[in-house]
Amino acid sequence: MTAITNIAAREILDSRGNPTVEVDVLLEDGSFGRAAVPSGASTGAHEAVELRDGDKSRYNGKGVLKAVDAVQSEILDAIGGMDAEDQVAVDEAMIALDGTPNKARLGANAILGVSLAVAKAAAETAGLPLYRYVGGVQGRVLPVPMMNIVNGGAHADNPIDFQEFMVMPVGATSLSDAVRMGAEIFHTLKSALKKAGHNTNVGDEGGFAPNLPSAEAALDFVMESINAAGFKPGSDVVLALDCAATEFFKDGAYRYEGEGQTRSIEQQVDYLAKLTEAYPILSIEDGMSEDDWEGWKLLTDRIGSRVQLVGDDLFVTNVERLARGIETGTANSILVKVNQIGSLTETLAAVDMAQRAGYTAVMSHRSGETEDSTIADLAVATNCGQIKTGSLARSDRLAKYNQLIRIEEGLGAQALYAGRSAIRQLAGR
């Protein structure tokens with residue numbers, strides 16, 4: 001009844017107008033699952049490989065017809081007839097078929113699309129929403145959103161070197177209340193920027209991309225907007241940064257080209273520490289470069305007891321790199337991006353390893369997204385307590401927030417909003 005009988009794939013467009021892979025999986029009993037694969041702008045060197053065609057005559061070489069063909073030929077031949085309810089076996093079969101350590105032959109975009117669509121089809125067979133199918137009865141924690149309201153770095157065309165400035169409504173009473181708070185801050189910020197003569201265009205993830213001179217200038221606007229919206233910074237709302245430091249780490253130093261500054265590894269640690277003292281910043285993602293393990297350790301020893309330090313490019317949702325971080329006491333949180341590793345099974349393994357080691361996990365989108373809202377379900381299924389899915393603009397971002405609102409409604413009295421407990425450094429305050 002739950003055997004995989006057909007798999008179809010197609011080339012669709014993501015939120016940046018670039019091609020991506022969408023996969024449909026059909027089961028013997030007629031159950032159906034569909035998944036679309038996201039794509040990143042600032043990608044870590046250690047991520048699984050996203051297979052692109054390289055044909056400059058189509059989509060400037062970014063087509064994904066090779067990945068689509070892999071799904072409908074080799075992958076279908078390999079897993080057709082397998083039981084969709086045996087997710088691990090399905091994913092392992094695709095990984096073995098690919099035969100490379102980073103999914104470079106078939107493409108992580110091909111394998112992930114099938115992996116997620118299989119899970120959705122199996123959930124339909126079971127008559128369960130995806131979060132319940134994956135997480136069981138324990139999946140009931142609604143995550144605190146990291147709402148990216150100011151964009152810089154690779155996500156915007158402005159002088160700000162840091163990639164994301166986010167608000168986290170830890171003082172909300174529910175997920176829907178958190179979304180309301182974020183939306184009110186977002187619109188208040190828009191008014192403040194407009195009043196100060198800045199443009200209110202948005203970046204890839206829906207946050208504003210004003211022509212501000214520094215991180216401090218962006219943080220000041222965010223703080224002003226939190227207060228003006230009627231909330232208390234540090235209590236109702238805390239701040240989070242994604243420095244995406246790999247993007248500006250060159251020749252052993254952190255080169256802030258937008259700000260005209262160069263900082264050594266030690267100076268980068270000092271700078272981030274000072275920012276956390278000046279502003280209610282409780283989470284910093286990729287404050288150091290992906291292979292600057294020395295800098296990461298210095299940063300962790302310096303502020304890790306009071307700030308969540310999230311490894312994105314550092315860990316790339318990979319259990320081998322995460323294990324090294326745990327062993328060396330580097331960072332204390334992992335950003336979870338399904339397409340960094342390329343299958344649902346491996347994603348869940350990374351979350352499990354992190355949680356067992358006392359690390360937090362943050363479920364995350366990519367800058368190139370679609371209307372697919374799978375990560376909302378996975379955030380609840382894994383009880384990770386935090387989700388990073390962009391700003392309060394652009395339907396590709398709002399699809400995830402709206403799905404979380406639906407999940408919260410479906411859970412009813414069982415729903416539990418993570419709130420202050422989501423960040424361990426904040427929970428005891």
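Placed from the backbone N, Cα and C atoms, the Cβ positions cover glycine too.
Cross-referencing ASP236, ASP242, ASP372 with the Mg(2+) binding residues that Swiss-Prot gives (GLU285, ASP312) picks out ASP242. Sparsest Cβ environment among the binding-site residues GLN163, SER367 (other Cβ atoms counted within 10 Å): SER367. Comment: (2R)-2-phosphoglycerate site residues GLN163, LYS337, ARG366, SER367, LYS388; largest CA to CA distance 17 Å, whole number. With respect to their backbone Cα atoms, LYS337 (active site, proton acceptor) and ARG366 ((2R)-2-phosphoglycerate binding site) stand 7 Å from each other. The C-beta environment of GLU285 (Mg(2+) binding site), restricted to residues of the same chain at least 6 apart in sequence and closer than 8 Å, consists of GLU164, ALA240, LEU241, ASP242, CYS243, ALA244, VAL310, GLY311, ASP312, LEU335, VAL362. Sequence-ordered, the extra residues of this chain that approach the Mg(2+) site, with Cβ no more than 8 Å from the Cβ center of ASP242, GLU285, ASP312, are GLN163, GLU164, LEU241, CYS243, ALA244, ILE284, ASP286, VAL310, ASP313, LEU335, LYS388.
According to its DSSP assignment, LYS337 (active site, proton acceptor) is coil.
Each of the recorded positions GLU205, ASP242 was scored by how many other Cβ atoms lie within 10 Å of its Cβ, and the smallest score goes to ASP242.
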